[in-house]
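Inspection log for the structure reproduced underneath, given as structure tokens.
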Amino acid sequence: MSSVAASIKARWALKRKDTLTGVPARRDENYEEIIMTTRTRTSGRNNNNSNNNNNNNENTEHQRQQQTDGASSYTTGSTSSSSSILRQSSDKKRTKTATSGVQLRRIYGAARRVFVNLPLPKYELDKHGNPKRHYVTNKVRTSKYTLWSFLPKNLFEQFRRAANMYFLGMAILQLIPYFGVDSPALTLLPICAVVAITAIKDGFEDYQRHKVDARYNGSISHTLIGYKNPNYPFHVPLTFWQRLRGKKQMTPSQQPYQQPPSSTSLSSSSQQQPSPPIATPTESLPDDKRGVFGRSLSMDVRVGDFILLRNGESCPADAVLLSSSDASGVCFVETKDLDGETNLKPRHGIPDLHHIQSGAECLDDVHFYIEAGTPTPDLYMFEGTLVLLDKDQDGNGWSERKKVPIGIDNLVLRGHVVRNTHWAIAIVLYTGTESKIIQNSSETPSKRSRIEKQMNEEVIIAFVVLFILCLICAILAGFMKAADDADAGTSLYSRETNSPAFWGFTNFWSSLITFQNIIPISLYVSIEFVKTFQAYFIWSDLDMYDEASDTACVPKSWNLSDDLGQVEYLFSDKTGTLTRNIMEFRECSIGGKRYGNNGFSPESEGARGARIRKEKNQPAATVEEGDQHAGLLTTAATDDNIVPVEKIDTIINEEEEEEEADENRSFQQRRTAIFDDYKRALYSLFTPCYSSLDPNRLPFADPRVFWDLQPKASPTQTSTTSEMTAAAPTTQDRIQEFFMLLSLCHTVVVDKIDKEGKVIMEVDNEEIAGGDDEEGGLEQQSQQPQVTDENNPLYPGEAKKSRGFRKKLKKNLRRRKKDKLRRKSSTRGEEFESIINVERPDIVDTTVETQLVYKAESPDEAALVSAARDLGFSFLSRQGKRLTVDLLGTEYEFQLLNTLDFNSTRKRMSVILQRPYPWNDIVLYCKGADNVILERLDHTDPSNKEVLQQTQNDIDAFSNDGLRTLMLAWKSLTPEKYELWEAEYEAASTAAENRAEKIDAVQDSMEQNLTLLGATGIEDKLQEGVPQCIEDLRRAGIKVWVLTGDKLETAINIGYASNLLDGNMNLWTLRGHDQVERDMDDTMAQVSAALAKGDTTENALIIEGAALTRLFETDDLKNRLLELSLLCKSVLCCRVSPLQKALVVEMVKEGKGAVTLAVGDGANDVSMIQAANIGVGIAGQEGVQASMASDYAIAQFRFLHKLLLVQGHWNYHRISEMILNFFYKNVLWVFPSLWYQIYSRFSGNIFYDYSFLQLYNVIFTVAPVVILGCTDETITAPYLRKYPQVYEVGTDHRLYTRLRYWLYFGDAVWQSLVLFYAFYFAYDGSDPNPDGRPNSMLQFSSAVALAAVLVANLMPGFNTYYWTWFQFFFVIAELLITFLWVLIYGLFQSVNIYGMGYMLYGGWSFWLILLLSTIVSFLPRYVIVFAKQWWYADVMHTVRHVEKFDKKQRKKNRKKDPVLKDGHHHSSSSSNSPFSKWFQAFR
Amino acid sequence: MSDSGEVVKKKSRKPTDGAFRQQRLPAWQPVLTPRTALPTFFIIGILFTPIGGLLYWSNSRVVEIKLDYTNCYRYTEPVYLAKHQYTFQLSQELNTSSFEAPAYHYEEASTFLNPNWQNPNNLAIPQCIIDFTVPQTMTPPIFIYYRLTDFYQNHRQYINSFDAGQLLGDPLSPPGGNCGPLRTSDNGSSIYPCGLIANSMFNDTRSNLTSVNAATDMTYGFTTTGIAWPTDKDKYGPTRYTPDSVVPPPNWAQRYPEGRYDAAHPPPDLSQDESFMVWMRVAALPDFRKIWGRNDVEPLTEGRWRMRIDMNFNTTLYGGQKWVVISTSTPLGGYNPYLGITYMAIGGICLLLGMIFTIKHCIKPRSLGDTTYLSWNQPGGGLPNNKSRKPIVKSLHQD
């Protein structure tokens, strides 16, 4: 196969020469020659070459055309032939004459049969000869609107909301002249404003989506130039407009393909195939571009296209991998975007197509079709068949050569990034919405916050109140009308001739207009605004910014910010969330001897947890800690050594740090001593080449390992004795086997890095390939398919459509070219920059010459291989089946025979290896979970028995320290035995049915009778600050549950380490499947009995997945489980599946009605994240899947502290207070109108001037409420951090309750009464104006309106705990605007309130009554709030008092000691605002 | 598929620092403590009580005479008004019962008291003659009001029943406007001024006061200029209608020959008719008084005075009363003790509250920033069942 490529290269080189010398290349002949030679040279498979040639001679005219196109020349032979090529089952009878044919069954739906280099069978074509089947384009569209559809679609969306509909209805009602509303502009203003603001927001969001779409659609991929995709029609189907304009022009060009549909002549169907696409670009396509990969946009990639994926490139569509730069066709992909795992996964090419090494080969060599089912979202399942076809001997038909099953292993999915592979060629199978990533990217279920749901009920209450008010007014209006009819009233006031009943009816509607404002129109838009702001604050919070990963907290759902303050249950994943998912090899047990527990490495968090558990017998441990904090705080405050609260933290920490520092010093000394020992031992054994000698990088340094390896120092020596020792293995042997296993039994790939952190390339094949030395190419293992910078011209239709994108593409290209030029000068390694990402400086280990970096499927694996490397067993490279390992300084090459992969059911992984001299044998190495390996040990082997007990003890010890354990075992095989098995395995893996089960069985048969080597203990490091964070969360009243897939013991240890479990807790476990019901009842009985007795011992419940499965079977059991778990302070669920995680969350969410938060980092947490009220994704090691599905993406678990206890609390308070204030101000506004009805014959007159009515909610009162919602803080962040228990106001949902709603409602009604009657008494039968001027209704109502606006603006101010200059500014601004509005708007003669400013402001009475009414309005609230907050303060107000006190103290001290002044008050000194001075006055 | 953060690849995605972004803007954090709340109560109390007293005192200096003449048409012979039909508010301590009560009766007259009004239809006009005593000399400015009760000028359809353009003088060209049923007459000619308000205008006319039984005959006159709001005058203009193209509103018809305007009886010039403007400024409440006339110069001496009123406006039709009010004024309008009383009451309440809270604060003091009120440990470990727990007061200063 290499020769093919070589000759093609040579050909190109030759051609280049031609062009240079100006001699026109005799294209056709040359080309054919080459083709012929390549064919004959490469394989005898394709015997149609001669046909090709013949036909060329016969039909040169046609041929030339094809050639220039470069499309499938292979079919030309059939031009004059008349035998069947492909037939469909329905055509069976007619085509029976064909001796050799390919039978195709019919496929349905979205299942597909993709043809490559084959003519489509007739039934796949429509009457124009175009394929019937249409595949979706690869263009992604997540945006909702286009420029044109935006307005109608968005309006439609908006008016689907009930509230908007209501206000639109109200606006229309007001436009009816009957109701005597006279300014239509003002009528429409509020609804227009609201709709416009929402539309702008929607538009902006959609614009962002467009940008993202464009980025995805416009990314560049490489498709094969000159390949005519048979699955698509040659020409782009005409759009309607094109049809209208240019049909005439198009027709001739279509002709070549428009074969008359002929059912009899089979030749015709084949004949149409070779016709070259007429698209103009192809005509100008130079020959040397043929078979070259050209750039095209990701959105233009079509089903059946050949694509070239280069290292670091992302795959544009789901594609079947054909071949790669690797001889075995393996291509490594990073699947981060799909399943969130950062490790590399190997994908395999089609074994029969590995030979494809260039684009040209794609064009000529391969003929196959792929059958695949309906696209599914399952990332781990795919079944398809690739059928290779050969042209028949006579060249007339096709025969099936081979059927190759293809599975998920052969598929490169959209979003996969090619890594560690130079290039790969693949055939596109699913595009666009049919690709797995998009099928998976279901919209996160839209969540609504608790307050929002509750608020909707309150809106309904407001509606009911509105309805009742209107009804009352309508009925009374009817009676009044009847009374007026009886005397002269009607003729005086209305001359209304209709009946009282009708009057009442119409009055209902006019009352509706009057009272419409009870439903706060701007509430929804204000909430959205406020929540946007809150999301912004959360995003920009520096305390939640992770320096290392450069990520801030990203709020994805903006509407949940208030739920953050009410979380009662927190469900956390363990791995990657509580722990770092960084694995460190800590200890091992080899042949019953434990290594690594020598105190070199710092105590693991888990071990510390275990120690603390033992030490801790004091029941009030947390209290003490609390006392310490609080005591310090107060003493700091009362004593004269005043410390700003912000710094108290650091002081506490410093003190702790000092203690720790002492400990550290001695630890460091011990550590250095051990390390020196270790180094000496190491050098005595071998000279390290790859082993790290940086003590800070070594998690494991036990010199005993080397001592025990010592006696027979070199591996060669060992080998001579290997036969002998097989009977009674020595420790040395065991150790050696142990680490050999670690260095060989894995799926790790290696990167070699030099000291600058650049990747060292093995042999640079590409460079040689580029050269014109013909022989040089022969030896090449791999070649690079040619890639041109030119665009793939195969998509002319799209080009027109997306000219904009093309322009962008061109720009992109230009930029890239520049980059490339720049790059050329620098080292080769830089091109692979993406492999080693940003944190390069950390990666480089200066103690080794050539550093080996392992990329593994799971972090444990990398940790194991790295540990082996550091101990002198360095895995160097993997080249196909050859594994190179450096064993204590000598390189060996192992032949990998089989890899029995790891999966979650097998829980083990094995490799079968052919070991070189000096072993010369076949061995099986196996590592896996302890219980799995135990079953497979050879229990007859006495050596096993002896080791087993000790190893198990060690494993228990590892578990107790919170380490993950793996057991290692091996056995050697005789060649005969292996061959026998190999045959079985081969059969199983090619079995047509039950392949997976059969393989399993065969694998299982091999992994038996193993010899135990030992066990490893790997530490899963806790994330930074997790214990403290959990402690604080729990102090805040949040119940933290841990749901993990880990085993019980590990989970318990992490529980202790992370403060979830206390030493004095009762632990209750529910495990197993059968007895769990009884166990649960027992536990329940005991726990409740203890609680009833007043026992305050806390309980913790630990449930295993199996038990959960049983308990979730019936609702009754579930309820009992819930009941039990609610009695426990901590709940740990281990061995749970992702689905169970979601079920547990749902159980609590629905059963308890509590606000739940789920936090996780991996793809397995997605279900839980989506099930919980709030899903938090940790954007860390395991990629983005979880954070994609989440509502908040954070980088570290400990950020939850700030997110919940500070931001969440604030947001909860803000939203609650804002909504209550909104309702309040609207009720306050509406009720005076109601009181006025009493004095106006219930005639439904609009009390306020129309401008007030419409602007009240939109302008006059909106800002302070919104500012309250945006910036208010009950307590500042340092104090919230100090006193997490303030959070309980949220978990108890105390701030937004129905009671508070009614209190605010009641307060509003009271204030409305005050405002109304304060003015009423001045106007009733009297005249408040000096100079005898007549009062008027508008004067009265304007006075009330102004008073209402004043009170409604002061009220949010009164409820504001944290008056920033915003609040001052906006309260004052709103009042100014309103008062000036009366004055200025009243200057226009045509308005109703003409001159009102003079009338109101000119007299004393208005101001006096205004003052009076304001004071009286607030008096009850002021009194109650004062009494409540002072004498009956809840935790929140107590902390506010504490804060106030500290502030005062600080101020006092500043006065005393002005030197301190600058340093301490960072908040005021840091502000450069001109207001800051002014604010000093308020502090 | 991606978050927007990826769109723009910056060098660092670190959020910017800043007091606003990090939510630590300097701020005033009001906390209601006795040190802030108690002074508030006292300040309000100390401020409001004297203000109330001042208001009450200034109000009590108003002299006001109110007479209900609704039922005047019933009596052809003078009768004394019943107690509830008149009130006196005096600034001096005088025994009102010692004065002669007001008396009224009516006579038929053939001309209106308003000299501008003619009587082309020769109606018999019932003229109420009211005699009343002014117990103390009133100092100018003195205002005379009419007061109507149970007249709903604020009825929804009434309020808007006028045409602003027409009042400004523009002919009612488009058949629009708000005049509703009173836009045109039955025969199609426009009504001027149209609408319910104008139609129902209070059309009793009054004479000047003449002294009764005084040594010398005195008259005391009120002028009707300067009674409307200056701004209201801008809303009215001389009409451009020709007299015969429009008809008066139904209630005005009797004053015009055959209920029509003609050259001899032209439509009124509204821009000069301040009484009309006053009427058009619809009252806030059904019990209202509107200025009828004023005298800014002469004091009204004590003694018995007589006043004649044409009884054109029939309040009995809708069950209301009509009063005539003669009053002096304060900057706060006419006599209305409510504001002063309320101020004093609120001041008192605040003082009382301040006192109560002070006592409470003394009895049960609490110090600011005392963390003993914080319960660190939630009994039961924050289990959901103990929401109604009592806070455990646990001293944190155990040392």
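Each residue, glycine too, has its Cβ placed from N, Cα and C.
Cross-referencing A:LYS1129, A:LYS1141 with the ATP binding residues that TrEMBL gives (A:ASP573, A:LYS574, A:THR575, A:GLU861, A:PHE902, A:LYS927, A:ARG964, A:THR1044, A:GLY1045, A:ASP1046, A:ARG1135, A:ASN1164, A:ASP1165) picks out A:LYS1141. Per TrEMBL, the stretch carrying the note transmembrane segment among A:159-179, A:1335-1355 is A:1335-1355.
Under DSSP, A:ASP573 (active site, 4-aspartylphosphate intermediate) is assigned to a strand (E or B) in the three-state scheme. For the transmembrane segment (A:1362-1384), the list of distant contacts is 1251, 1255, 1259-1264, 1267-1268, 1270-1274, 1276, 1342, 1346, 1349-1350, 1353-1354, 1356, 1393, 1396-1397, 1400-1401, 1473, 1475, 1478-1479, 1482: same-chain residues at least six beyond its ends, Cβ to Cβ under 8 Å. Geometry remark: A:ASN1164 (ATP binding site) versus A:ASP573 (active site, 4-aspartylphosphate intermediate), CA distance 9 Å. In this structure the residues listed as binding ATP are A:ASP573, A:LYS574, A:THR575, A:GLU861, A:PHE902, A:LYS927, A:ARG964, A:THR1044, A:GLY1045, A:ASP1046, A:ARG1135, A:LYS1141, A:ASN1164, A:ASP1165; their two most distant Cα atoms lie 28 Å apart. The Cβ of A:ASN1164 (ATP binding site) has 24 neighbouring Cβ atoms from other residues within 10 Å, across all protein chains displayed. On the 0 to 100 pLDDT scale, the model's mean across the domain 'P-type ATPase C-terminal' (A:1188-1432) is 92. Looking at A:ASP573 (active site, 4-aspartylphosphate intermediate) and A:GLY1045 (ATP binding site), their Cα atoms lie 8 Å from each other. In this structure, the binding-site residues under consideration are A:THR575, A:GLY1045, and the one with the smallest number of other Cβ atoms within 10 Å of its Cβ is A:GLY1045. The binding-site residues under consideration are A:ARG964, A:ARG1135. Their Cβ neighbour counts within 10 Å are lowest for A:ARG1135. Cβ neighbour count within 10 Å across all protein chains ranks A:ASP573 highest among the recorded positions A:ASP573, A:PHE902.
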